[in-house]
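Colleague: Pasting the feature list from TrEMBL:
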type	residues	note
ACT_SITE	C274	active site
ACT_SITE	H333	active site
ACT_SITE	D356	active site
BINDING	N396, D398, E445, E450	Ca(2+) binding site
DOMAIN	266-359	domain 'Transglutaminase-like'
Amino acid sequence: MAGIRVTKVDWQRLRNGAAHHTQEYTCPELVVRRGQSFSLTLELSRDLDCEETLIFTVETGPRASEALHTKAVFQTSELDGGEGWTAAKEAPMENTVTVSLTSPPNAVIGRYLLSIRLSSHRKHSNRRLGEFVLLFNPWCEEDDVFLASEEERQEYVLNDSGIIFRGVEKHIRAQGWNYGQFEEDILNICLSILDRSPGHQDNPATDVSCRHDPIYVTRVISAMVNSNNDRGVVQGQWQGRYGGGTSPLHWRGSVAILQKWFKGRHKPVKYGQCWVFAGVMCTVLRCLGIATRVVSNFNSAHDTDQNLSVDKYVDFFGRTLEDLTEDSMWNFHVWNESWFARQDLGPSYNGWQVLDATPQEESEGVFRCGPASVTAIREGDIHLAHDGPFVFAEVNADYITWLWHEDEGRERVYSDTKKIGRCISTKAVGSDSRVDITGLYKYPEGSRKERQVYSKAVKRLLSVEASGRITQIRRAGGRCLWHDDLLEPATKPSITGKFKVLEPPLLGHDLRLALCLANLTSRAQRVRVNLSGATILYTRKPVAEILHESHTVRLGPKEEKRIPIAISYSKYKEDLTEDKKILLAAMCLVTKGEKLLVEKDITLEDFITIKVLGPAVVGVEVTVEVTVVNPILERVKDCVLMVEGSGLLQGQLSIDVPTLEPQERTSVQFDITPSKSGPRQLQVDLVSPHFPDIKGFVIINVATAK
């Protein structure tokens with residue numbers, strides 16, 4: 001019998017890409033998903049004999065072995081089935097054979113080498129056919145990442161753009177983000193992130209063998225997206241100074257960040273903050289096939305000592321004493337949720353899992369967080385892997401304010417203790433709407449069930465010694481407190497206070513507000529009001545004081561009064577950060593020693609509109625019109641529009657804006673040529689050296705050319 005050899009391989013990219021929802025990937029190799037068959041056609045130098053079978057070998061990673069499940073050897077049969085890799089011949093044609101290969105639903109993901117030999121060629125070496133990439137499969141019921149809803153798979157796996165919610169609880173703003181998981185080199189970069197992890201560098205064969213498990217993979221990615229323990233992707237910076245790098249607010253998506261990291265030989269990209277870390281991790285996990293979304297938590301606690309309270313120390317003007325305050329409450333914090341089964345915890349904890357790449361606290365010696373089951377957080381099961389106490393505190397901690405005296409004494413000040421974990425938000429499936437998912441994380445605030453869960457979590461958290469004493473928790477200033485002491489309520493004062501915005505707080509304009517005080521009693525009262533205001537970062541870290549004044553107010557029985565507050569633009573313009581945030585505080589000192597702290601977070605508003613002037617069709621040029629307003633009372637030049645959008649233009653576009661007179665409105669037009677159909681996100685930022693970036697986006701529905 002004459003020898004036989006493979007003369008050509010057809011990887012059937014179109015057929016396999018459509019079947020596996022991978023046709024958007026732009027890499028040279030075939031990309032398929034595990035637990036699902038894919039076909040390839042082999043041209044042979046002659047027909048196969050009836051008794052001849054094809055023996056395939058697949059292997060991934062260094063020192064691949066069957067013992068580690070990183071290598072498999074299997075042969076064609078007429079029957080599908082089996083727990084491992086299988087191959088089945090389809091109807092042969094002259095000198096060709098089409099083979100259907102199927103990986104197990106728990107196969108290791110990554111880049112594979114496929115080789116072949118014939119059963120009649122026992123002494124011959126394998127013939128290398130080429131490489132392919134195997135991903136997680138949310139369409140496969142047996143895969144741990146299976147997601148039943150097709151609409152959710154389209155959103156959380158295939159959508160290459162999204163929305164990240166930022167701002168403050170009372171003024172939530174949407175920011176577009178280009179995930180770009182199908183863009184050039186992104187899949188290769190995502191796989192290289194796994195290979196750059198310390199676990200892979202230390203023991204590559206074992207590391208690769210663990211990549212069948214979404215728990216393991218997501219935990220590795222959570223650590224590698226930040227650069228704190230390794231040469232990870234993004235370097236964080238929260239001080240408001242971004243020399244030698246890019247301001248976190250200047251990024252419009254993940255693609256430029258990932259490509260810069262890869263091309264820069266894995267040097268961390270400067271700089272990121274929480275939404276950047278979350279946007280990049282969403283790109284990586286969607287690219288690898290795990291359904292992932294970005295979640296924003298407003299008034300998010302950073303509980304450094306894990307006592308389920310955020311303890312803030314202030315002076316008599318309500319200003320934060322940073323040297324004493326270890327905990328913090330950020331205006332918002334952004335993390336990710338990924339959907340998969342928790343084989344380590346049991347089916348009750350399957351579903352959405354919290355993952356956070358922002359380097360806040362170490363987990364098992366590494367800056368990473370999660371996966372923590374959202375169900376476990378809601379039920380107070382914070383002892384379960386991973387990082388439950390930290391995530392629980394982010395959405396449930398009590399907010400406690402302490403007035404610090406010069407003699408190093410302190411007293412509890414009445415303030416809103418239940419302000420943590422508000423308006424937990426994510427993008428809606430199939431639309432740009434905001435969905436409030438707070439109910440997935442906790443029961444209604446103040447309800448009996450919510451209090452039961454909180455008590456359960458406290459019991460899980462606090463260790464009980466043999467003597468029955470509760471472990472002490474060390475606090476700022478070197479003091480040690482019992483947890484029960486932390487929960488002693490402050491005396492409720494006999495007045496109420498609230499800041500009221502009298503005019504919309506516009507960037508570049510003076511701010512006009514009022515502090516509204518109300519006497520709840522039938523007797524007259526005198527109130528000393530110490531007002532302070534500061535420009536802040538979104539972490540609520542103060543940058544510069546812009547208000548410092550005191551008032552004495554007499555309130556008659558049941559009387560309400562307003563104290564007007566005016567802050568001129570000239571007062572805040574030099575110290576306003578790119579976050580465009582201001583924090584106001586009023587420490588109200590009432591007769592009989594009562595104290596009330598009132599706070600107000602303000603985000604300054606801006607203006608940009610984007611219009612598409614005509615139908616958007618693949619391959620056809622269309623004009624976009626952007627209208628902007630100079631927000632300040634000064635003439636500005638050197639403004640540019642920065643434009644980005646996957647499937648709408650290649651890379652980024654920079655467009656000069658003419659000189660703008662004070663508060664002048666102008667329109668700028670430019671052309672784009674869409675390359676992909678479907679809903680596409682176009683982001684446009686107005687960038688100026690004179691004021692913080694003004695960001696906008698629009699969704700463009702691109703039709704297929706007829």
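For all residues, glycine too, the Cβ spot is worked out from N, Cα and C.
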Colleague: Would you list, in sequence order, the residues of this chain other than N396, D398, E445, E450 that have their CB within 8 A of the centroid of the site's CB atoms, where the site is the one recorded for Ca(2+)?
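Modeller: Here the non-site neighbours turn out to be K418, I420, G421, K442, G446, R451, Y454.
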Colleague: Determine the most Cβ-crowded residue among the recorded positions D356, D398, E445, E450, using a 10 Å radius around each Cβ and all protein chains in the structure.
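Modeller: Compared across D356, D398, E445, E450, the most Cβ atoms within 10 Å surround D356.
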Colleague: Return the count of C-beta atoms lying within 10 angstroms of the C-beta of C274 (active site), excluding that atom itself.
Modeller: 27
Colleague: Which residues does H333 (active site) neighbour through Cβ under 8 Å, counting only same-chain ones at least six apart?
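Modeller: Spatial neighbours, sequence-distant, of H333 (active site): C274, S296, N297, S300, H302, T358, E394.
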Colleague: Same chain only, sequence gap of 6 or more: which residues have a CB within under 8 Å of the CB of N396 (Ca(2+) binding site)?
Modeller: A301, L308, I420, G421, K442, Y454, A457
Colleague: How far is it from E445 (Ca(2+) binding site) to D356 (active site), counting Cα to Cα, in Å?
Modeller: 24
Colleague: On the 0 to 100 pLDDT scale, where does the domain 'Transglutaminase-like' (266-359) sit on average?
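Modeller: Looking only at the domain 'Transglutaminase-like' (266-359), pLDDT averages out to 95.
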Colleague: Under DSSP, the domain 'Transglutaminase-like' (266-359) has how many residues in helix, strand and coil?
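Modeller: Within the domain 'Transglutaminase-like' (266-359) the tally stands at 18 helix, 41 strand, 35 coil.
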